[in-house]
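A.B. asks: Have a look at this one.
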Amino acid sequence: MGKIFWKRTFRELKKNFLRYFALWMLVILSMFLVVGIVSSAQSTIQTINQTAEEDHLEDGEFTLAVPLGKEAIQNIEKMGVTVEAVFSLDLKQKDNSVIRVMKNRRSINKIHISQGREAKQEDEIAVERIYAAAHHLNPGDTITLADKTFTICGIGTTGDYELCVQNPSDAAADGDIFGTAFVTPEAYENLKKSGAVRQSEDLTYAYHLGKDADADEVREYLSGRLLRFETAENNPRIKPANGDVQINIRAGLAAGVIVLMMLAFVISVFVVHSIDKESSVIGTLYAMGVKRKELLTQYTMLPVLICFTGGIIGTILGYSPLALSFLGGETYNYYSIPEIEICCRPALILYGTAVPAVTAYAVNWLVIRRRLGETALSLIRGGMKEKVSYVHLRTRSFVRNFQIRRILREKRSCLAILAGMLISLLVLDLGLNCYVLCKKIRRSTMKDTKYEYMYQLKQTPDTIPKGSEPAYAETFSKENMGYELNLTVIGLKKNNPFFPAVKSHGKDEISVSSSVAQKFHLEKGDTLTLKDKADGENHSFTVVEIVSYNSGLTCFMDIDGMRAVCGRGPEDYNVLYSDHSLDLKAGQIYTITEKKDVIKTGAVFMDLMMPMFFTMTGCGILIFLIVLYQMVKVMIDRASHSLSLMRLFGYRDRELKRLYLNGCFTVTGAGAVFMVPLAKWIMDQMYPSFVANIACGLDFEWEWQLYFAVYMGVIICYLIIQALVMGKLKKITPEEVLKQRE
Amino acid sequence: MYIKITDISKSYGTKENRNQVLSRVSMELEEGKICVILGASGSGKSTLLHLIGALETADSGQIQIGGQEITKMPEEKLSDYRRDFLGFVFQFYNLVQDLTVQENIEVCRYLTEDSLDLEELLRVLGLSKHRDKFPAQLSGGQQQRCSLARALVKNPKLLLCDEPTGALDSKTAGELLILLEQINQQYKTTIFIVTHNEEIRKMAHKIIYLKDGMISKTETCEHPASAASLCL
């Protein structure tokens, strides 16, 4: 019996090859997507955590105005804390990019070299990976810093600059405009003396807490001379990728459940159709003494095999470098992390390989079990009988009636089409929301950045340089869905030409930008509480207005109010905005930010998100095409007897299409009218959590043209499938009616 | 519609599995007549009907219907031929299960602009009160009458009936034959009836006896008996 069943299974596969192939592809694609997203994320987290341990990632860092003396260091070390100076010099290159040069690290935040080695000679330098890639630098190449030529001896990354931004409050990293580099202590001292340094030396120390050591104790000890104190958890430069990909894991697992439900539904339609078609055979075999178990094995074998092999291939592809580059590539290209090593988790492998097969088995088992609940005789007699919905239609048009009857009869397939459409649209919308958000960030950054230069000052000049606008800005933090986000609050003078006019007055009022309002769901009259990153204190403000400004997460106050919040004097300012370059001394400047760099960082998201966008769009379209093909094909297969009969009566292809396919077209077209906005609405509810840790607004509203384009995409997909199925429909001949008798 | 069949042969399979179903069959039938094809199972009677209905293609020979040679027609033309000239009645009705009686009839009415009056047809065939029922809600006889109504609604010139009474009890079968007779007389429809029930031959103008794929005997009858007189 087993041999015969195998033969039969093989023949069934041969006969319906395209259908099984489509199911196989659907499983492969679904598992590739789910396993790919989750495994890329897990591998990224594993690699980052492992590297952090190996390279002794800091527990925090602090920046001072003057270096610590020997005694102070000893005092801190007595608290069980290891301290290492990570001083830096910002050097501008000919292409206007900035290289932050530091000494080789000794014990904390050690450089993770991916190519070459650390600098050993005075003329050697190890360059950060993203900067090196953006500037096409390789070991053996040379770069010039302060008129001195350095040979690149290595390319690497450090954990304290995983998000490699010049200022912790910068919205995005961009290797084109900023990177780090490491030289020997001697080379560093020479550079410091060279006079080419644009800004004063940054005096930051990294610390490592020993057993029972407390960061707050260190903060207290340093208070008074502290410019910045940040624990690793609150430092936006440290391990931001983990947060990003953690979201991917959640999204991937959610997608996994949704995809499984869709698979189960598609398989159930598939199986119900096959079993209905075979019901007289099942009845005959049953009558002849074949056992339930044998029948179950026979009829579940093929779909289970298809799903099992599809699951294995999908899982292998999901763990492949291909998936890592498509689905995890943007993490590697954006964050300064070492090469991601693929890590295999048994639970995910089990999900990818076993779950599709188990789903297929379970669905088959349920359907066949229900069928075998009937008597053998009723199975034999009812072999070709189909369930009919006894609905009386009032419409007088025969064609309309016929189409409605088809839809009623094929409601399960129609539902599967709509479910497949919704799931595909969700996948597609994830990609499109990414695209729209990035596009809007780029556009608003260009629109809202009106200054040409922003100087963050260490010391204010004696007089305010002509043509510049002083402001007092501080970075605060606020929690959003479990992530600490940096917000910049700028205290502005009245009639500041570079920012919108603000109404807020005094230290209790704040004007929030539209991006902040979206991100934190703020409205006029709400209270906004922000945490001061230096002293950890909370400040509460009343939102007096929402101003149209979408570049990063920014709030505005009047400068006097801001000075009062930060405990500064009436003439104090720490930022200068200007439409031209200012003649300031290097020692006065903390950082210089140019408009073109800000605009570039706004565009960087777009470039990074493109592979993800294309993968999501491609997968969404493919899933929809496969589900649509499967379901329309099932409908046509189930109607093959009546189609053959129609042909016998003299119906032409065009008329058959009108009767049998146009109803489905109506379902798809009308369904898309609801599904496109529904999927967008669902995705809009989920999407903020996917970008919870990114310092940007939440403006991913679509233009009507995009809705229309998605709708037309659905229609085009249907027309493609219709053309494919028409080929099959044309092959149905009148003779078939003679073979298929009730 | 004049029908002329000349030297028609048909076989299935190839080489050693070849099964010659019809062998050089020739016959003629005048317009508006009833022809009954009789024969045992496997004699080729259904195949002959299918060839006339252009449901199958002959290996050799010619079939002329109203002066048109159909054996060499392309599929599209054959579709037009079936659409414009033919009506089919099957032993197993072949009704579309999820369409009502009226909708099943409309399937064929849709194909012509010159259809018979639907109300009249429903009344004549006794289906008026069943018009909104689905096939599964009808008896075998009612289903076959629906099948007949569907075939007739487009007012075909040629009606092909394959064992139309095969699945019916004798009373219902008798009623159906009376209907066929009425249609033949009222609309001058040429009718082919394939059956193995010898009694039905009495209502035919021409009787073809098939045996092993060949015509063993042909009878003609100027004044056939009325369907009502048959002892089924």
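Cβ coordinates are placed from backbone N, Cα and C, and glycine is handled just like the others.
Straight from TrEMBL, here's the annotation block:
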| type | residues | note |
| --- | --- | --- |
| TRANSMEM | A:21-41 | transmembrane segment |
| TRANSMEM | A:251-272 | transmembrane segment |
| DOMAIN | A:255-370 | domain 'ABC3 transporter permease C-terminal' |
| TRANSMEM | A:301-328 | transmembrane segment |
| TRANSMEM | A:348-368 | transmembrane segment |
| TRANSMEM | A:414-432 | transmembrane segment |
| TRANSMEM | A:608-629 | transmembrane segment |
| TRANSMEM | A:659-682 | transmembrane segment |
| TRANSMEM | A:702-721 | transmembrane segment |
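Any idea what these are sitting next to in the structure?
C.D. replies: For the transmembrane segment (A:301-328), the residues of the chain that approach it from at least six positions outside its boundaries are 5, 9, 12-13, 20, 23-41, 43-44, 245, 248, 263, 267, 270-271, 340, 342, 344, 348-349, 352-357, 359-361, 364, 611-612, 614-615, judged by C-beta separation under 8 angstroms.
Residues 27, 30-31, 34-35, 38-39, 42, 256, 260, 263-264, 267-268, 271-272, 275, 282, 295-296, 299-300, 303-308, 310-312, 314-315, 318-319 of the same chain sit 6 or more residues outside the transmembrane segment (A:348-368) yet have a Cβ under 8 Å from a Cβ within it.
Here the transmembrane segment (A:608-629) has long-range neighbours at 22-23, 25-26, 29-30, 32-33, 262, 266, 325-327, 329-330, 333-334, 416-417, 419-421, 423-432, 434-435, 438, 668, 713-714, 717-718, 720-721, 724-725, meaning same-chain residues at least 6 beyond its ends whose C-beta is under 8 angstroms from one of its own.
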A.B. asks: What is the average pLDDT across the domain 'ABC3 transporter permease C-terminal' (A:255-370)?
C.D. replies: 83
A.B. asks: For the transmembrane segment (A:702-721), could you work out the same-chain residues 6 or more beyond its ends whose Cβ comes under 8 Å from its Cβ atoms?
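C.D. replies: Non-local partners: 421, 425, 428, 432, 436, 621, 624-625, 628-629, 632, 664-665, 668-669, 672-673, 675-677, 680.
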